[in-house]
Structure formats: C-alpha cells, structure tokens
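Student: One structure is given below, represented as structure tokens, and several questions about it will come after.
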Amino acid sequence: MYSPGAGSGAAGERKLCLLSLLLIGALGCAICHGNPVDDICIAKPRDIPVNPLCIYRSPGKKATEEDGSEQKVPEATNRRVWELSKANSRFATNFYQHLADSKNDNDNIFLSPLSISTAFAMTKLGACNDTLKQLMEVFKFDTISEKTSDQIHFFFAKLNCRLYRKANKSSDLVSANRLFGDKSLTFNESYQDVSEVVYGAKLQPLDFKENPEQSRVTINNWVANKTEGRIKDVIPQGAINELTALVLVNTIYFKGLWKSKFSPENTRKEPFYKVDGQSCPVPMMYQEGKFKYRRVAEGTQVLELPFKGDDITMVLILPKPEKSLAKVEQELTPELLQEWLDELSETMLVVHMPRFRTEDGFSLKEQLQDMGLIDLFSPEKSQLPGIVAGGRDDLYVSDAFHKAFLEVNEEGSEAAASTSVVITGRSLNPNRVTFKANRPFLVLIREVALNTIIFMGRVANPCVN
C-alpha cells in the first residue's frame, strides 16, 4: 500500500495504499479505449511513449544473463521479451524459496509470480532513485541486456500479448488490472496513460475518504467478477480507510482442459502421505499414456501434463520418498528447472494424481523486504514521485497482498476427448513407469514457448479442501 512519508507534514495526512491481489483465472491482453494505440500487440516502441520521471540503467551485464545468453531465442520472439520471461522465472524461484522458508512444511503454497511481477512493474512506473534500483534488482529486470527501466514496460506489453492473446481458446488464461484512486487526488497523467495502454489498468475513482467500506466492497466485487467468483472478500475490513489514496489490483484467472483427460471412473480414494507422517484419503485420479517425463538427480521425477492446445502445461516435480520436498525447493534454480524441462522425453507412464483444490493468500511485504526491496516500504526512504500529479514524494507502499486459487480435476477437452492418449482401466503393466503423486510435490503452470512460469506452488496437504 502506498502511504505518505513521515516527513510529509501534519498528522493524519492522506496515505497512498497499494494492494496487489493475484488470482488464477482467465485473461485478455490490454485493450486501450480512447487511446491512440489501436492494438498494443502490433505497436512499435515509438507508438508507446513511456516517459517516467526517472530512468534506471543497469551498471553492467549480470552473470545470470551471461549464463543463458547463448540459448536459442524462440521463433518469432523479441530477444528482450524472451529475456523478460527469463527474468520473471528468476524472480519466481527466488520469491518462492523465501516464501517456502516462512511456511510450515505441511502447508500448501500457491501463487502467480507473473502477477506479482506485473503489479510491481506498474508500481515501478512512478519510482525513482534507490526505490527504482531495488525494484529493478529484486524483480530481476536488470538482467535484461542493454535496456533501461522505462523500456521494460514495452516488453511487458509484448509478453502479455504472447501469453493472453491466443488463437487457441481451449484454455482460459485471463488477466485484469485496475487502479482504484481516491477521487480527491489528481494522478500523474503519464502514469495513468502508460498503466492503461501497457497493462490495461484504467483508473476508477472512489471515495475512500467518506466511504472507505463501500470502496472496499466495490473493489472486492470487481475482483470476484474478474475471477468468476473464485476470490471473494480479498480485502479485509479495515484495510481501506479515509487515508487510503490508491489501490492497485492485478488478477489472473486460469482454467485449462487436459489434452488427455482423467476418466472419473478410474478415480478412487487412496492415502496421501504428508510430511508429518500422517496420511489422509484423497480422490486419486489415474490414467496411462505417453507423457513427457524424466527421472532426474537423486530419483526426483518430473512430469509434464499438457492442456489442450499444448501451449500451456502443468509440470509436477515429485521427490522420491526418501528425499524431502523442502530439499528440492532449496536446490531449485531457474537454470536447474530449465535443464530438467529440456531433458523431458515421451515416456509410457502410469499416472496417479490427486484431485484437489487449494487457495492461498498472504502479504508480500516480508518476503520482498528479505529479498532487498527495502525503500519501497519505508515512509522515510520511498521515492514514488511519478504517481500523483505534482511529483509529491511522500508516498510509500505500506503492504501488498496476493491471493491465488487452483483446482485440479479430471476434466479434459470438451469436444475432443479422443486425443493422442487413450485412457484405459487401471492395470499392473510391469513395462510402464509409474508416477504416483501420493506425497508432497511441486506444481508449476507454464507457457511452453517462452517457459514463462504463470503459477507455482506446493501440494503438501490436498486433504484440507
């Protein structure tokens, strides 16, 4: 949340608050009404003038960039868009590890690192000095070679187009952004324009000062609508008050149909073995067929299940029973994950996977501070002069919230159930490899061409919901 700095003057002065709310659902590319940019997806850099108050250029090439600089850029992909996708993946694994360290090993985790990056990229539009530098470093935007902080927004627009504007509509991947600002404030015109053109985030005025509770209800209703009712009351009572000036909301909703569905007739209750040694019954789905698979270091199994259309997949990472999932989480890096994915090959498998749903919500503040995003949350140090007109420098982020939802079931393609994998009854074929997710595992949902991690999480206890 954005708030005025301590040196801003009188007690009770207005504060500017940012809430970053992240969900799973259906998404569309930024559509800008009443803007000279007719189609952001075919626009050139000169068509989208991004003129923030401050610009940051990385002092030198990062070692992490050098590590992957020789990798082949996907076909018909701008190199900088590809590097942005890689930067988002670096942030994803780094943030996930910080979050996992703060959680109990028996807790489920689910988040959209892409949604978090998007929300803070919009915040970066108004940042200066060390606040801008820390945003560039923590979110790994500084690993994009030879480009400045203002150009990141153009690449985000192109990345969003690649992710959300698909010819294949068999899977719903939808993102929505909105700025809710207090009607008594005048917001920087450039900040509003770029937020709308690049991120599709229109500014909606609300009366936080006189009607904070009604404003909270309005925002929660907007979030519920954009997530098909999956996320409700995301902003708790009291989070918005008469001092609030701005609430930034980002939502992502995903619903995918399996390319090869699990037959409900093959689902049966089986035990799931939790970290604490206890077990609980879960509906365990089952199918046999060819999937991309690999047994990697120390017996960890990696399985990729495609959604219809093949452009988005779910990746499951299952340690062997003798190795804890926490150990795999600690060792995971973007480079190691990419190595595992590159090694996947078509394998005849017997797949056992629990049917489950999970919802996770938490504050982002503590983890981001631990990662080095210090000034943004400090009333004394934050520099966000590019958000409110007049360049006022008394704004800071008091908190940011994330919420995500995932449901996995047997559903496959609605009209094309006859896919390349034939579903059979349960068997004991000794010649087929078994992938049985009856113990804690990692789950990722990614876009294949750019290897963009859209969602990431841990299923440690599928019995809770």
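Positions of Cβ are set from backbone N, Cα and C atoms, glycine also.
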Student: Swiss-Prot has Trp82, Arg178 down as binding heparin; which of Arg90, Arg162, Arg165 does it also list for that site?
Tutor: Arg162
Student: Considering the candidates Cys54, Cys161, which is the cysteine that Swiss-Prot reports in a disulfide bond with Cys128?
Tutor: Cys54
Student: Consult Swiss-Prot and report which candidate among Cys41, Cys280 shares a disulfide bond with Cys161.
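Tutor: Answer per the record: Cys41.
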Student: Pick out which of Cys32, Cys463 Swiss-Prot lists as the disulfide partner of Cys280.
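Tutor: Checking Swiss-Prot: disulfide partner of Cys280 resolves to Cys463.
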Student: Determine the minimum-neighbour residue: among Asn129, Asn188, Asn225, listed as glycosylation sites, which Cβ has the fewest other Cβ atoms within 10 angstroms?
Tutor: Asn225
Student: Given a separation of at least six residues and a C-beta threshold under 8 Å, show me what packs close to Cys463 (disulfide bond) in the same chain.
Tutor: Phe272, Lys274, Cys280, Pro281, Val282
Student: Just name the winner among Trp82, Cys128 (the recorded positions) by count of other CB atoms within 10 A of its CB.
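Tutor: The largest 10 Å Cβ neighbour count belongs to Trp82.
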Student: I need the nearest neighbour of Arg178 (heparin binding site) among the recorded positions Cys54, Asn129, Cys161, Asn188, Asn225, using C-alpha distances.
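Tutor: That would be Asn225, the closest of Cys54, Asn129, Cys161, Asn188, Asn225 to Arg178 (heparin binding site).
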Student: Going by Cα-Cα distance, which of the recorded positions (Cys41, Asn129, Cys161, Arg162, Asn225) sits nearest to Cys54 (disulfide bond)?
Tutor: Asn129
Student: Could you list the residues of the same chain, at least six apart in sequence, whose Cβ is under 8 A from the Cβ of Arg162 (heparin binding site)?
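Tutor: Sequence-distant Cβ neighbours: Thr77, Val81, Glu447, Ala449, Leu450.
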Student: Using a 10 Å cut-off, grab the number of neighbouring Cβ atoms around the Cβ of Cys41 (disulfide bond), all chains included.
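Tutor: Taking every protein chain into account, the count is 15.
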Student: Quick check on the disulfide-bonded residues: of Cys161, Cys280, whose CB has the lowest count of neighbouring CB atoms inside 10 Å?
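Tutor: Counting other Cβ atoms within 10 Å of each of the disulfide-bonded residues Cys161, Cys280, the minimum falls on Cys280.
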